[in-house]
Amino acid sequence: MTLATPAHKRILLKLSGEALMGDDAFGINRATIVRMVEEIAEVTRLGVQVAVVIGGGNIFRGVAGGSVGMDRATADYMGMLATVMNALALADAMDKQGLTARVMSAIGIEQVVEPYVRPKALQYLEEGKVVVFAAGTGNPFFTTDTAAALRGAEIGAEVVLKATKVDGVYTADPMKDPSATRYAKLTFDEAMSRNLGILDATAFALCRDQKLPIRVFSIVKHGALKRVVMGEDEGTLVYA
């Protein structure tokens with residue numbers, strides 16, 4: 001029996017901070033992280049190189065901080081530090097699962113994690129290590145979605161996988177409209193004209209210009225990540 005070959009050799013997985021909360025209202029739910037890491041371990045065993053960009057919304061959201069009187073740049077830097085905390089938690093869970101993880105930060109915090117250096121990140125991926133990119137782009141006013149698009153382009157990822165709580169992009173909010181249907185695939189232009197809000201505008205434009213496909217899928221759905229990596233009809237593909 002021939003084992004199926006993954007459709008992608010190198011992926012960039014975008015995880016929101018909120019995804020780490022599980023059913024909690026705040027913070028990091030250990031059981032949720034362990035389950036996510038098991039899904040990631042499953043695809044690394046297939047020989048897929050995995051890089052992760054993690055958000056920080058479960059701890060602090062820069063946008064929210066800025067909206068209540070805090071200086072926006074300061075709030076964004078706090079958000080970046082929140083992503084470092086999440087990245088450390090994720091890497092710790094990976095190490096306990098038998099994966100080798102390396103956290104690389106876009107801001108200097110050398111006693112805790114190593115700085116992001118592109119050739120080093122590529123070397124880690126080639127060695128089969130999981131690279132977790134922390135601190136977004138290192139700049140205020142840029143989201144972690146934009147960091148995912150940027151790092152995806154930099155490392156030559158074949159696809160950006162945006163992990164959400166919904167299994168793809170729908171014609172309407174499936175939680176509110178039972179008749180909403182899932183798009184199997186969309187072009188970048190179609191997604192823009194329908195104003196579907198898949199990524200923020202900067203991230204979306206970067207992916208479109210670099211012809212870097214995006215696949216939106218549910219991280220809550222067991223086995224969905226593996227199905228995506230194997231090229232099965234899972235989630236929604238946005239392509240050039």
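Using N, Cα and C of the backbone, Cβ positions are placed for all residues, glycine too.
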Since Swiss-Prot lists G56, T137, G138, N139, P140, F141, F142, T143, T144 for UMP, which candidate among D71, D76 does it give for that site as well?
D76
Which of these binding-site residues is closest to S16 (ATP binding site) if you go by CA atoms: T137, N139, F141, T143?
T143
Determine the minimum-neighbour residue: among G56, G57, listed as binding-site residues, which Cβ has the fewest other Cβ atoms within 10 angstroms?
G57
CB within-chain contacts under 8 A for T137 (UMP binding site), separation at least 6:
A106, T146, A147, L150
For the recorded UMP site formed by G56, D76, T137, G138, N139, P140, F141, F142, T143, T144, which further same-chain residues have Cβ atoms within 8 Å of the site's Cβ center?
G62, G79, M80, A135, G136, T146, A147
With H, G and I counted as helix, E and B as strand and the rest as coil, say where DSSP puts T143 (UMP binding site).
coil
Cα-Cα, whole number of Å: G56 (UMP binding site) versus T164 (ATP binding site)?
14
